[in-house]
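Per TrEMBL, the features are as follows:
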type	residues	note
BINDING	ARG60, GLN78, ARG83	substrate binding site
ACT_SITE	HIS149	active site
ACT_SITE	GLU254	active site
Amino acid sequence: MVKLVEGPDNQQKVLLQSSEGGSVEVFLHGAHVTSWKSNKGEELLFMSNKAIYAPPKAIRGGIPICFPQFGVLGPLGQHGFARNSVFDVSQGSSDSVTLSFRPSTEQQKQFPHQFHLLITVKVGSDSLTQTLEVKNEGRESMPFTTAFHTYFLVSDVDRAHVDLGSEGLTYQDNTKGRAESTLSGSHVQFQQEFDAIFVGAPDTIKVVDEKNGRKISVKKQGLPDAVLWNPWGDKANGMADMGHDQYKNFLCVEPAVAASGPINLPSGQSWSGTQILSLDS
Ligand SMILES: O=P(O)(O)OC[C@H]1O[C@H](O)[C@H](O)[C@@H](O)[C@@H]1O
């Protein structure tokens, strides 16, 4: 009973609805979530107004899946090729769907591994649960890094912050060649470009929109790291698929296996990681 409709750029998307009123949209391109609405119908994820929905480019905003590589931590193009590929529907219901992907022969030339990737998305009462499951179907062990690259919608980035729930955490600063830095306090307030990998980050992180009094909890399971990102004005305004000054309306919190990785998945074995997003009432 999966509800599939056509979205922008002739791309198909799955519509999920919870019995309490919340809803989610997931494109087959990249198994990419582009909308999550609360029980009351408020949008909680950011989408660029210049996003391109057709492959081969990843959709800008929502929840890109970075796989089998996070960022430039390996030989593949940035964030791997899953986000540029079209998935199949494996199974689903009115409130949950599992999308399936196996790499093409062309993709296996860049990444010589056979694998089966399953992304499950479930909408609950003011919550979204997303699981990435990978089975190594090849004969060799398979190295990978990964992330749920979640873009949270905020009314004004100057009046929003991320609460990591623990003081003095260290991070690798991607704007400084991954130099190690220490966070003062437990909050990140974005004031310029910020691109940081918190290695072994706490498993509950909060996104706080001070302007409209909204808090979203990000709970991660099996994903040791968290990447926090906002490109800020100069960089964002230089992106062809990002609207002018839209950087003010999002911040990314990305549960990941990044600098803690790679995971070397033995032949025949499976691995999974989950993020649970919930709106605090
Ligand atoms: O522009 P993209 O390829 O989607 O990447 C967007 C961003 O993703 C992550 O947050 C990385 O840490 C950043 O370095 C990167 O700029």
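Using the three backbone atoms N, Cα and C, a Cβ is placed for every residue, glycine included.
DSSP assigns GLU254 (active site) to a strand in the three-state reduction. A separation of roughly 12 Å, to the nearest angstrom, links the Cα atoms of GLN78 (substrate binding site) and HIS149 (active site). When the C-alpha distances from HIS149 (active site) to the recorded positions ARG60, ARG83, GLU254 are tabulated, the minimum falls on GLU254. Cβ atoms within 8 Å of the centroid of the Cβ atoms of ARG60, GLN78, ARG83 (the substrate site) belong to the same-chain residues LYS57, ALA58, ILE59, PRO64, CYS66, HIS79, ASN84, HIS149, site residues excluded. Across the structure, ARG60 (substrate binding site) and GLU254 (active site) place their CA atoms 14 angstrom apart.
In this structure the residues listed as binding substrate are ARG60, GLN78, ARG83; their two most distant Cα atoms lie 14 Å apart.
Listed in sequence order, CYS66, ALA147, PHE148, HIS149, THR150, ALA226, VAL227, LEU228, TRP229 are the same-chain residues six or more apart from GLU254 (active site) with CB atoms under 8 A from its CB.
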